[in-house]
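Student: According to TrEMBL, the feature domain 'Amidase' maps to 26-474. Marked as active site, charge relay system by TrEMBL: Lys81, Ser156. Per TrEMBL, the feature active site, acyl-ester intermediate maps to Ser180.
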Amino acid sequence: MTSDITRLSAAELAAALADGSVTSVEATQAHLDRIAAVDGDLNSFLHVSDADALATAAEVDARRAAGEDLHVLAGVPIAVKDVVVTKGMPTTAGSKILEGWIPPYDATLVERLKAAGLPILGKTNMDEFAMGSSTEHSAYGNTRNPWDLERIPGGSGGGSAAAVAAFEAPLAIGTDTGGSIRQPGAVTGTVGVKPTYGGVSRYGLIAMASSLDQAGPVTRTVADAALLHELIGGHDPRDSTSIDEPMPGLVEAARQGAAGDLSGLRVGVVKELSGEGYQAGVSARFEESLEQLRSLGAEIVEVSCPHFTYALDAYYLIMPSEASSNLAKFDGMRFGLRVEPADGPVTAERVMAATRGAGFGDEVKRRIILGTYALSAGYYDAYYGSAQKIRTLIQRDFDAAFTRADVLVSPTAPTTAFKFGEKLDDPLAMYLNDVATIPANLAGVPGMSVPNGLSDDGLPVGFQILAPAKADDRMYRVGAALEAALEKTWGAPLLTRAPELKTMTELSR
Ligand code: GLN
């Protein structure tokens, strides 16, 4: 059973734990064994916490044996992106500047995972401070895509996506500022959800851009994402942007969707998020998925969101502006790395310069410089101010589109996973990966990526579903319906076809 445990979805594992056929210690050990076997190839994890995970598992098993009423996911192990702070467990955000830092507190979402009894397997690799689309900007080496070890797993949350795709963890936490949950989901064949802004507490997330950041689930099925989203979501008084309202029923929405009836649902295809720049196989799978939704009773309408064409430009002014301010706290005095100047006086300013010079990577420096420039007195209105106006126009585009459609859809990413190094020297080419995911962050609306097949190159493709703010349940309904329909066509979930691929077979040995 041990090797099979890692192939179960979180819901299946939860059922096995509940009926006593598996213990949490067995399940946790099976995933730790899998990590030990394959993570040398993948580098999904920056830190593995064997002892803590097994201790939590043993505690949950004891509570279950004592007849306690447990959360449905109690005992199901999880991996957490290293941008989320974990008490007593190293947290680096993929940066040298935080090497060796042990947070003294837990993020709210981590508190909720712990309270529900989910053993935390460890912390996953990521682009430094979540800046990137390939995980090549991590200070701790690349994570490789389990579908092809020569290719990127997406970013910034490549570690969480690769861990879930390679059966190292049934569940993971990601964060999405411009697409870092959804784009890695698309290129690894996993499900990724960016909740409504304010839907999941940001308390304890190391901020990149506070008005855009959201944490969310990384899973292999839509139903698993719903379970995890309901657990980590909901109001938190420690995050002033947290929504103080009950969340819609996500597990129930996924259950209804899986039943396969979408009649009465209007699905809007965003004209600006397709066509030129999208790989042929990505577009082909997208069209087929639209047909699937139509065959389930959905009405497909075309909508236009004209300002989406400027989303990337606005994002790459707003995000670096906020990042430059958020990253000012890494000054060599408070957290992690401290570097004293090689010669000359040791003043606060010179320690700060030496620490930041040594501790930050090139992409982080690039964005800090861009951000401080955009916010500087002479340019504030021209750059930051204009970007904020575009942001408003994009929000209005969403408002108008949602009067004509209940959900909006597009391919999640324009291409499948690219090879290492392909876009590393060309920041603009790298930024273009998020052309379809960024509008949701600028407007605060929720987005989901569901695997919808393989492109001509044999690599996974994702289907993006967007819903109005606070209507996350709609994505779960549509995502679960599409997933069920596709699995019927394929005869199995997409990821169970991965072992046919050479690298997955090698990994499985
Ligand atoms: N790839 C985008 C960026 O580099 C988004 C990153 C993210 O969502 N964290 O900013």
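Even glycines carry a Cβ here, placed using N, Cα and C.
Keep in mind that TrEMBL annotations are predicted by a computer and have not been checked by a curator.
Given the structure is predicted, the values throughout are model-derived calculations rather than measurements.
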Student: Does DSSP put Lys81 (active site, charge relay system) in a helix, in a strand, or in coil?
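Tutor: For Lys81 (active site, charge relay system) - judged by DSSP and reduced to three states - the answer is strand.
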Student: Out of Lys81, Ser156, Ser180, which active-site residues have CB atoms lying under 6 Å from ligand 1?
Tutor: Ser156, Ser180
Student: Around the C-beta of the residue listed as 'active site, acyl-ester intermediate', how many further C-beta atoms are within 10 angstroms, looking at every protein chain?
Tutor: 36
Student: Distance check, please: Cα of Ser180 (active site, acyl-ester intermediate) against Cα of Lys81 (active site, charge relay system), rounded to an integer number of angstrom.
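Tutor: The Cα atom of Ser180 (active site, acyl-ester intermediate) is 11 Å away from the Cα atom of Lys81 (active site, charge relay system).
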Student: Let me know the most crowded of the active-site residues, choosing from Lys81, Ser156 and counting other Cβ atoms within 10 Å.
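Tutor: Per the Cβ count within 10 Å, the most buried is Ser156.
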